[in-house]
C-alpha cells in the first residue's frame, strides 16, 4: 500500500513534465488539470501508510473491510493523455521505496479532490471560467478599447488648443486650420482602409491604425514647437491612422458577430468613442494644470502601445483563423452569419447604382457633419460663448458624451429586441435613425432660445443622447445592405 501512496507523486511529476515538454500550443492549463485529476484519483484510494497503521492500532473494533491490496515489489500502469486531437501514451512504473510492504485493509475511501476553478467537460478536462468567456465578445471589447483611444487622442486637441493658442499667439483662423487638418488625412484613408481591410484582414489594418495615430499624437508637442506647418502635417498623419479604424472594425465584426447580436456589439464599440471623449475631456484639463499641455499628448499617445501588444496577442481577423476558438462558439458564429467569400474586386458601379446605398451615404454625411463639429468645437463654445474656464469647459463637455454612451447601448438593446420579436430589420433601422436625426435637430435649435448655461448644457446633452440611436440605424445598416462589401460601403 505504501508504494501506491508514493506512486501518485511519481505519476504527477511524470505527467506534468510531459505536458510541459509538448509544443508551445499544447501547453494548456487543461492538460495540467488532467495530471492533477489523475493524482487526485490515486490519492483517494491511497491513504498515507501512517494513517492506516493508526487505524490498525486503534482500540475500536475494525470496520468491515471493503478492499485490500497485497504487497508488491513493483507497480505498473499506463497513462494516456489526449490534448487537441493528439494522443500521448506512456507507461509508469515504481519500485517499493524501501518501506515494508504489508497487507493493509482499506476501511475508508476519501472523496476525490474537486477543482472549483472551472467547469468539467466531456473527457474530464477542467476549463477555467475565463476560457469560457465568448471570444467574439473579447474581439468586441478590444474594438471598444481601440475606439476609446481613438476619441481620447482626437478630443485632447479640443482642450489643449486653448493654452496652445495663447502660447503661440494663434488667431481664430489658425485655430480652425489646425482643427481641420486632422480631417485631411482622415478623408484620405476612409476608402483605402476599407479596401485594405477586405484584402489583408481587419486585424492588421486596425493594429496599424492605432499604433500610427498614437505615434502622431505623441509627436504633436514636438511639431508645435517646430512650427505651424509641421503641426499641420502631424495632425494630418494622425487623421490617416484614425481613418482606417472604422472600416477595419466593421470588417472584423462582420465576421465575428452573429446577426442577432449585431446592434448590441456595434453599440458597445461606438460607445467606446463617446467614453473616449468623456475620458479625454475629463483628464485633459487636470494634466494641463499639473504638467502642462504637452503631457496630454505624451500620456494619451503612450496608451496605444499597450493596446497594440494585447491586440496582436488576442485578436484574429476571422473566427476561421483563431486556433483557440472553442468549437461550439465557432459553430454559433458561422451558422448565424451571412456566408462571405473572399473579396477580390469591389463592384463600385453596382453599389453606387443602388438607391439604398446613396441614402446611406447621405445619412452618413449628415450625421458626421453634426457629430464632428460638436466634437471639435464644443469646448471652445463653452469657453468663449458661455464663459466657462478651461476646467469647467472640459468637465461640462463630458455630460453630452456620457449621455451618448448610455443611449447607444440602450438603442442597441432596443433594436436587437425588436428584431428578435419579428419586426423587420429595415423598419428597425428606420426607427432608430429617425430618432437619431429628429432628436438632435429639435434640441440644437433650442440653443438659440435659451439664456442660461445650464439649459444650454442640457440641450446639448439631449441632442447627443438622441444622436446615439444612429449606431443602431445607419451604422448597423452597412452590414444589412451588403455584408460582403460592408467595409467598402462604410468607407464611401
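Glycine is treated like the rest: Cβ placed from N, Cα and C.
As the structure is a computational prediction, the values presented were derived from the model and not from experiment.
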Check your understanding: What range among 177-197, 303-323, 324-344 does TrEMBL record as transmembrane segment?
Key -> 177-197
Check your understanding: Looking at 71-96, 97-122, 357-382, which one does TrEMBL call transmembrane segment?
Key -> 357-382
Review point. In TrEMBL, which of 204-224, 393-413, 414-434 is labelled transmembrane segment?
Key: 204-224
Point to revise | Matching range for TrEMBL feature annotation, transmembrane segment, among 38-61, 230-253 | key: 230-253
Check your understanding: In TrEMBL, which of the ranges 137-157, 452-472 has the transmembrane segment annotation?
Key -> 137-157
Exercise for review: Mind pulling out the one from 137-157, 204-224, 357-382 with the most Cβ pairs under 8 angstroms to the transmembrane segment (265-288)?
Suggested key: 137-157
Review point. When you check the transmembrane segment (204-224) against the transmembrane segment (357-382), do you get at least 3 Cβ pairs under 8 Å, counting only pairs 6 or more apart in sequence?
Key: no
Review point. Roughly where does the domain 'Major facilitator superfamily (MFS) profile' (139-492) sit in mean pLDDT, to the nearest integer?
Key: 86
